[in-house]
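> The Mg(2+) binding site annotation in TrEMBL covers B:Glu8, B:Tyr55, B:Glu63. What TrEMBL lists as ATP binding site is B:Arg53, B:Thr66, B:Trp447. Positions annotated as active site, proton acceptor by TrEMBL: B:Asp57.
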Amino acid sequence: MSQEQFRAQPRGGSGHGEEPAELGQVQAQANTQGVDDVLDDIDSVLETNAEDFVRNFVQKGGQ
Amino acid sequence: MKRIFGLETEYGIAFTPSESGRRLGPEEIARYLFRPVVAWGRSSNVFLPNGARLYLDVGSHPEYATAECDRLPDLVAQDGAGQAIMVDLLGRAQDALADEGAAGTAHLVKNNKDSAGNSYGSHENFLIRRSVDFKHLTGVLLPFLVARQLLVGAGAVLPAGISTEIAPADANRAPSAGQAPPVRTGELVYGLSARSDVMWEGVSSATTRSRPIINARDEPHADAEKYRRLHVIVGDSSMSQTTSELKVGSAGLVLDLIEAGVPLEDLSLRNPIRDIRRIARDLTGSTVLELRSGATLTARELLGRYLERAAALVAAGDHSLGDDAAAARVIDRWERMLAALETGDFSAVDTEIDWVIKKKLIDRYLERSEAGLADPRVQRLDVAYHDLTPGSGLFPRLEAAGLAARVVDAAAIEAAKDCAPATTRAAIRGDFVAAAHDARRDYTVDWVHLRLNDHAQRAVVLKDPFAHASEPATALIAALRADTAPSGPPAP
C-alpha cells in the first residue's frame, strides 16, 4: 500500500516504522503502478474535450 | 437495539456530443433515462420490486431511495443495487439515443456538485425513537456530522479561502440557459467534501434554499407516536462501499449512544457552519474547534471522543447496525482513519476511503502531467471518479485493480436489484409491487401504504417498518398471485 502521496519522502535510511524500508518501497511501487494503469486507461478521456465537458457539466441544483 | 436505515442518492447528468452531434441537456437525457421506467410503471416516480423508490427529483436529478434496511451490509447492497439499476438505465438510454440519431455519450455521475456549484445530495435516513428529545439528539449529533467528513468525505477541489457570507439563495440558483459556470480563479486546495461549502444551517426544515446539515422535516413514514425519521443531508455520495459503511455506521452508532442515554460531554460548536468549511480544508484533522462551553479541541480529537464511546457500545454488543461484523469493521476503520490523520500515513486506509483513494489519483496525475488543480483535466478526473458510465467511469477499474475495497460482492448487489431486504417492511412492499405488476393491476404504493386502485377495500397500512410480514398484505398478495398469468416485462 502506498504511503508516498501523504508523507514526505523519507530522508534516506529506513522509516520510523518496524517494517523494512525495502518492503515499503516495493509495495509503494506496486500501488503506484496500479494507479498509473488506471490513469493510463482514462488518459484519452481526460485529453479529449475535458474543458468542454467540465464547462457543460451544469444542472439545476437538487436538495 | 434496532434501527431502520435508508440512503437517497441524487445523480448528476452530463452529455458528451460526438463531433457532429447536438448537445442534449440534462432534462432531455433524464427523459431518455426514465423511458423504461415510465414504460414499466406508467410514471417517472415508482416503487420497485426490491422495495426501493426510483424517481426524477427536483432539477431533473434521477434519484434512488433504498428500501428500509435494518442491517448495514443490506444497506450497502441496496445502495449498490440503485447504482447498478442506474447503469442499466444508462445503457438503455444510450441505445435509444443511438437509435434516434443523437450522437454522443450520456453520463450519470454519483457526485454532489456540478461545475457551476449547484449541489445535489446524498441523504441518510435513520429511524429514531420519538421518546428521545429531538433538540438534545441533534445537539449531540451535529458536532459529529461537522467533523465526519474527515472519515468519509468524497474529496473535492475547493477554493482555499472560505466564505460564509455568500447569500445562500445565490449559492444554489439554477443557471440560466447557456450560462457558463464561473471560471476557477484564486488558490485551490484538495479538500474533503464539496458539500461542506453548501451547508448554511445546523438544523432546519429548508432543503434547497438554505441547506441544513440535518433536515428537521418530520415525516416518519411509520407510527408517528413511536418514531421519527432523522434526515441527514450533509453527507457526500460514496463511491466506495467501505466509505459508505463507515459513513452510515458511525452516525448510527452516535445515535445509539444518544438513545441508550450514554452520558456524553457537551461538544456543541460555537460556529458549526464556519467549522465545517475549515475542517474541509485541513487533511490532518488538526483544525481547532471552539466549543460553546469555551473549551477547544481539534476535529480529530472530537471524532476520537465519539469513537471511544461507540467502541464501548459495540464491544458490549449493544448497537443497532444489525450485524456484529459490520459494527466491528466500522469501529476498526474509524480507529485506523484517526490514526492515519494523526500520523499522515494513509497506507492502512488507502483502499477504503473515497477522499484518500481520489487523492492518490489526483496527486499522481499532477506528478505525471505538470497540471495544476485548476486544470480542466483534473476536474474531469474528479468527475470520472464518480462517473457510472462504462468506459469513462474509474471506479470499476479501481475495484478490479485492488485499489478500492468492497463490503459486499457483485452477486449480493445483483440480488438486491430484484429482492428487498428480507427483514423489514420493504419485503412486503417488494412482494406486493411484483405481484400487482405481474397481475397487471393498477396499484398505488408509498412507504407506508399498499393499495389496488380498483379494489373495494381500503389500503393496507404498514406502520411498523420492522415488521416484515402482515396478514392483510399476505392475503392481498396471495390473491394477486392466484389470478396471475406468468410473464410481463421485467422491472427496470
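Cβ atoms are placed via backbone N, Cα and C, with glycine included.
In TrEMBL, annotation is done automatically, which means it is predicted and not curated.
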> Quick one: Cα separation, B:Arg53 (ATP binding site) versus B:Glu8 (Mg(2+) binding site), in Å?
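B:Arg53 (ATP binding site) to B:Glu8 (Mg(2+) binding site), Cα-Cα distance: 9 Å.
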> Once near-sequence residues are set aside, which residues in the chain of B:Trp447 (ATP binding site), 6 or more away, have Cβ atoms under 8 Å from its Cβ?
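B:Trp447 (ATP binding site) has long-range Cβ partners B:Arg53, B:Glu68, B:His221, B:Arg429.
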> According to DSSP, does B:Glu8 (Mg(2+) binding site) sit in a helix, a strand, or coil?
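Assignment for B:Glu8 (Mg(2+) binding site) reads strand.
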> Suppose we call a site close when its Cβ is under 8 Å from a Cβ of chain A; which of the binding-site residues B:Arg53, B:Tyr55, B:Thr66, B:Trp447 are close?
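Nothing passes the 8 Å Cβ test.
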> Compare the Cα of B:Asp57 (active site, proton acceptor) against each of the binding-site residues B:Glu8, B:Glu63, B:Thr66 and report the nearest.
B:Glu63
> To test your reading of the ATP site: which residues beyond B:Arg53, B:Thr66, B:Trp447, same chain only, put their Cβ within 8 Å of the Cβ centroid of those residues?
B:Gly6, B:Glu8, B:Phe47, B:Gly51, B:Ala52, B:Ala65, B:Ala67, B:Glu68, B:Ala426
> For the recorded Mg(2+) site formed by B:Glu8, B:Tyr55, B:Glu63, which further same-chain residues have Cβ atoms within 8 Å of the site's Cβ center?
B:Thr9, B:Glu10, B:Arg53, B:Leu54, B:Asp57, B:His61, B:Pro62, B:Tyr64, B:Ala65
> Please report the number of other Cβ atoms within 10 Å of the Cβ of B:Tyr55 (Mg(2+) binding site).
18
> Does DSSP give B:Trp447 (ATP binding site) helix, strand or coil?
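Note: B:Trp447 (ATP binding site) is coil by DSSP, not helix or strand.
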> Which residues does B:Thr66 (ATP binding site) neighbour through Cβ under 8 Å, counting only same-chain ones at least six apart?
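Residues satisfying the criterion: B:Gly6, B:Leu7, B:Glu8, B:Ala52, B:Leu75, B:Gln78, B:Asp79, B:Ala81, B:Gly82.
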